[in-house]
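Taken straight from TrEMBL:
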- Cys82, Cys87, Cys112, Cys116: [2Fe-2S] cluster binding site (BINDING)
Amino acid sequence: MNHTDSYDRQTVGRVLAERGQLDGPLMPVLHGVQDALGHVPEQAVAQIAQALNLSRAEVHGVLTYYHHFRTQPVKGPLLQVCRAEACRSMGGEQLLQHAQGAGGCSVEPVYCLGLCAMAPAVMLEGQPYARMTPARLDELLDDVGGPR
Ligand code: FES
């Protein structure tokens, strides 16, 4: 198999067959691919562009514009750190840097978790945590650090 082509073409093809005829199909297709594969592989951009009669640049632009989409599979627990206003002003950015430096989890920015009054907030494996500090974050990550 061609190395640069090593992604699940068939699944992407199935999503395209299901959603490609919708009005404004790109977002539903990208959501469908991410739901099925956990991410939208960069290599799938050409396949999606061709099927939807769009340029690669258009597909790539949408894929990278929306923070919801990821182009790499998640490795380890998924930690989402809020980067919106309230959390930013309470040290959210330092928390993000700390998390990125800590390793052992996939770190993703999110924009408001609805916990602004208890900022800064993070979400670990779908579970929200408020008033986070780097020290507490380390403890949390230690707790989920084992094999899943
Ligand atoms: S701004 Fe972070 S939870 Fe709302």
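Going from the start of the chain as shown, residues are counted 1 onward.
From the backbone N, Cα and C atoms, a Cβ is placed for every residue, glycine too.
Cβ proximity to the [2Fe-2S] cluster site centre (mean Cβ of Cys82, Cys87, Cys112, Cys116, cutoff 8 Å) flags the following additional same-chain residues: Arg83, Ala84, Glu85, Ala86, Arg88, Gly92, Val110, Tyr111, Leu113, Gly114, Leu115, Ala119, Pro120, Ala121. Secondary structure from DSSP puts Cys112 ([2Fe-2S] cluster binding site) in coil.
Of the listed binding-site residues Cys82, Cys87, Cys112, Cys116, the Cβ environment within 10 Å is emptiest of other Cβ atoms at Cys112.
When secondary structure is read from DSSP and collapsed to three states, Cys82 ([2Fe-2S] cluster binding site) falls in the strand class.
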